[in-house]
Amino acid sequence: MKTKFIFITGGVLSSLGKGLSAASIGALLTSRGMTVTIQKLDPYINIDPGTMNPYQHGEVYVTDDGAEADLDLGHYERFLGTSLSQKNNSTSGAIYYKVISKERRGDYLGATVQVIPHITDEIKSTILSLAKSSIDNNTPDIAIIEIGGTIGDIEGLPFLEAIRQLQTDLGRQNCLYIHLTLVPYLGTAGEHKTKPTQHSVKELRSIGIQPNIILCRCEKPIPDDIKAKISLFCDVEKDAVFSAADINNIYELPLKFYTEGLDQKITSFLNLPTKQANLKPWEQLVNTINNPKGKVTITIVGKYVGLTEAYKSLHEALCHGGIANEITVDLQYVNSEIITEDNVNEIFKGVDGILVPGGFGSRGIEGKIESIRYARQKNIPFFGICLGMQCAVIEFARNVAGIEKANSEEFNPVAADKVIYLMKEWYDFRNNAIEYRDSLCDKGGTMRLGSYPCTLIKNTKAFKAYQTDSIEERHRHRYEFNNIYRDQFAEKGMIFSGTSPDNTLVEIIELLNHPWFIGCQFHPEFKSYPMKPHPLFKDFIHAACNHNKQ
């Protein structure tokens, strides 16, 4: 079957949930037996989000092939249950970079390079490349394209022009436009207001795009008379106006859309096979979430806690661990900068597990180290990820191994004992090459990125969790454990339970005499799915359950 395209745009304001809507539509179509892929196009000028402040962008998601991508790719992977790649995310910066590089090579044969047709053609090429990609050896039946930003943003215009042209290029029967917009409910008036939606659609139509379906983001489901009004003023069929009301948890969204008949409308418009959707796994998932058998409290000690989107995949992975154990996970975020030896008892009173996530820079580091000391001494389940593992190494060095001035080269380049140091080289198995780095390298795209193999030692907590001695996990770091301290740490009770296959890089540490204390250099949250929770998160929450029962 020829690949058909669904384009999703957003209006009125940002953060309405285009990514979740795209992921849920993808899940519905997948449940009907179709092969689906999703792409996010971001209008910002950065090549990728790798160097952006988490407070501005949120989490930077990492794919198997090493792309630093928008957090929406996490939603796509979790809802589709599949791995995506660099092809599934692009930006204005990446598009312009390709066009300018072609111009410098002389590919345009002396033409005046312009937004139309050169930039728009490159955008179309990026979109159409999805139709040529293979998913489990199958060409995708459906490619869902989410356009970042909001209708009316100047930087998004080339993307809108490109998807407008694609309808002519591919045929109307192969393209569907879905517009997600806000329909606010005014309590004082007692009604939903449609004017923002009308103006948003008017703006979209002025560009040349007529939406086929309108998703109405709202606090509560909109009544039929409001749907009829939107249908009239926005020139869409009444049965093509759908509610996207607030829900208790995001995994209910595919079921809500199914109840509304959204997937049926999409398959009808695109003339897709009408195989019945199998949503039993989603129903079982939601039932487990809504009927927990207990609760544990996990404290996340980080530096970006003012915006929980900075830890989106981590949040979801912990919830997946709860699903696997049939319990609710109550997450508490604590700013590491406020943690001291004097208040640590009060901050962690009643918690069942402590997690220190990834991050960069020295701000708040001592608070993280103090949190780890507390977890180690009080036998509270501890999970350190990336920087969290490195902080665990520093804490162990200072307070157990007797290396009082232990530090990371990242925080103190002239430290006497750099137990964490800058990686100068590593083997990239995907490209069969040695990667070289130093402190003068560019910041963007130069870390150890993507999926790398790891060998586990039997009879360790890590091996018990994974039930295998060979795994692959996704990385995003430039600092690593300093091997000259391995023997010294091992003598004091640290176990290096996971390493690179050549044993040169430490990937997982754990403590011998502790109920559950694990640190990993990789990011396991990027490979956790609601239907298949990650082994480490499943085991961490299980350990928290045991602590809760004490």
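Here the Cβ of each residue, glycine as well, is placed from N, Cα and C on the backbone.
Around the Cβ of C386 (active site, nucleophile), 23 further Cβ atoms fall within 10 Å across all displayed protein chains. DSSP assigns C386 (active site, nucleophile) to coil, not to a helix or a strand. As annotated by Swiss-Prot, active site, nucleophile applies to C386, with the evidence given as sequence analysis.
A coil conformation is recorded for H523 (active site) in the three-state DSSP classification, outside any helix or strand. Its own atom aside, the Cβ of H523 (active site) has 23 Cβ atoms within 10 angstroms in the protein chains shown. Annotated active site per Swiss-Prot: H523 (among others), in sequence order, evidence recorded as sequence analysis.
Its Cβ placed at the centre, E525 (active site) has 27 other Cβ atoms within 10 Å. Among the features that Swiss-Prot reports, active site is placed at E525 (among others), with the record citing sequence analysis.
In the three-state DSSP assignment, the secondary structure recorded for K229 (UTP binding site) is helix. Take the CB of K229 (UTP binding site) and look out to 10 A: across all protein chains shown you find 18 other CB atoms. Residues annotated as UTP binding site in Swiss-Prot: S14, K193, T194, K195, P196, T197, Q198, K229.
Q390 (L-glutamine binding site): 28 other CB atoms within 10 A of its CB, across all protein chains. Taken from Swiss-Prot, the feature L-glutamine binding site applies to Y55, G359, L387, G388, M389, Q390, E410, R478, supported by sequence analysis.
Sequence annotations record features per position, and here Swiss-Prot assigns domain 'Glutamine amidotransferase type-1' to 297-550. Predicted-model confidence for the domain 'Glutamine amidotransferase type-1' (297-550) is 92, expressed as mean pLDDT.
Per-site Cβ counts within 10 Å over the binding-site residues G359, G388 peak at G388. For the binding site of UTP, formed by S14, K193, T194, K195, P196, T197, Q198, K229 according to the record, the largest Cα to Cα distance is 23 Å, rounded to a whole number.
Ranked by CA distance from K195 (UTP binding site), the recorded positions M389, Q390, E410, R478, E525 have E525 at the top as the closest. Comparing local CB density within 10 A for the binding-site residues K193, K195, the maximum falls on K193.
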